[in-house]
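Annotated in TrEMBL:
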DOMAIN    4-104  domain 'Pyrroline-5-carboxylate reductase catalytic N-terminal'
BINDING   Ile8, Gly9, Gly10, Gly11, Val12, Met13, Ala71, Val72, Lys73, Pro74  NADP(+) binding site
BINDING   Asn57  NADPH binding site
DOMAIN    166-270  domain 'Pyrroline-5-carboxylate reductase dimerisation'
Amino acid sequence: MTIKFGLIGGGVMGEALLSRLIALGTYQSSEVIVSEPLSSRLDFLKQQYDVAVTTDNSEVFTQVKEVVFLAVKPQVFSAIAQELASIDILNKEHSPLIISILAGVPLSQLEAAFVQLPVIRAMPNTPATVGAGITAICSGAYTNAKHHQIAQQIFSAVGEVVEVSEGLMDAVTGLSGSGPAYVALLVEALADGGVSAGLPRAIANQLALQTVLGTAKLLHETKMHPAELKDRVTSPGGTTIAGIAKLEQAGFRSALIEAVKAATERSQELGK
Ligand SMILES: NC(=O)C1=CN([C@@H]2O[C@H](COP(=O)(O)OP(=O)(O)OC[C@H]3O[C@@H](n4cnc5c(N)ncnc54)[C@H](O)[C@@H]3O)[C@@H](O)[C@H]2O)C=CC1
Ligand SMILES: O=C(O)[C@@H]1CCC=N1
């Protein structure tokens, strides 16, 4: 069987993508190879997804025919680039498409490491695990329509896809890449508020989670502006405006704006 898809880095995001691609049949298990230094992860991925595994990244580059998917930490990128310098990828019969989801690492660095190979930089997020992710992609200089279609197919298997210019990728990282963590904090804090107000923990968790999920669904399906929904919930002299006044006092909106800006700046730093 031809190996079409190679994953370098079988951690949180690598597995999130892999699990969906196999479940949806985008790639068969027998068409996939994963490279990962941790033997515990390798054993788990092999057992869970029945894919070929290796600790040698060069095996992925020499075997894969279609896509090499880079999902290591940005801090590991220069070591991998050095490893690759010794492999003659260009003389392969088929040059694979390289897809990188590394925060901050720009196309210029990727293309310097994968000389003349087609590269697509992408930023997915963890809801990809359940098919509810959103991924922004931007294409490098050596890509064509076929590469573009492959990337679209991979990321639409795990949620929505948007295309942005590369200059916006760090901002995407600060908003939707990191955003699931902000929303998780919100759910946790809402539940804590409920517990503080006397609710049992399990009920508070359920109320908090379904409130966030339901609100997102309502906004998504009706396309209502968030300010309009806020106004609809807020009765004059009622409970919600009392809560909102406290949020404003504590700088809730400003805190979120600053969080996205700080994460964007960190993404920019990671690419230097
Ligand atoms: N976690 C997230 O929500 C998101 C992460 N990303 C990006 O995805 C990348 C991976 O992040 P996570 O999956 O969260 O990290 P992770 O730490 O869970 O996974 C990285 C994996 O790479 C492996 N690894 C380390 N050195 C390696 C090497 N030399 N060769 C091959 N594999 C190696 C590690 O053992 C680990 O299993 C990062 O670049 C991050 O910026 C992008 C979007 C969202
Ligand atoms: O925290 C990080 O650096 C990665 C990138 C986006 C989400 N997690």
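Just so you know, glycine gets a Cβ as well, placed from its N, Cα and C.
Any TrEMBL annotation is an automated prediction that lacks curation.
Where TrEMBL records a feature, it is marked here on the structure.
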residue : record               : Cβ within 10 Å
Ile8    : NADP(+) binding site : 25
Gly10   : NADP(+) binding site : 24
Val12   : NADP(+) binding site : 10
Asn57   : NADPH binding site   : 22
Ala71   : NADP(+) binding site : 23
Lys73   : NADP(+) binding site : 11
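Residue pair Ala71 (NADP(+) binding site) / the residue listed as 'NADPH binding site' shows a Cα separation of 12 Å.
Summed and averaged per residue, pLDDT over the domain 'Pyrroline-5-carboxylate reductase dimerisation' (166-270) gives 98. Taking DSSP states H, G and I as helix and E and B as strand, the domain 'Pyrroline-5-carboxylate reductase dimerisation' (166-270) has 90 helix, 0 strand, 15 coil.
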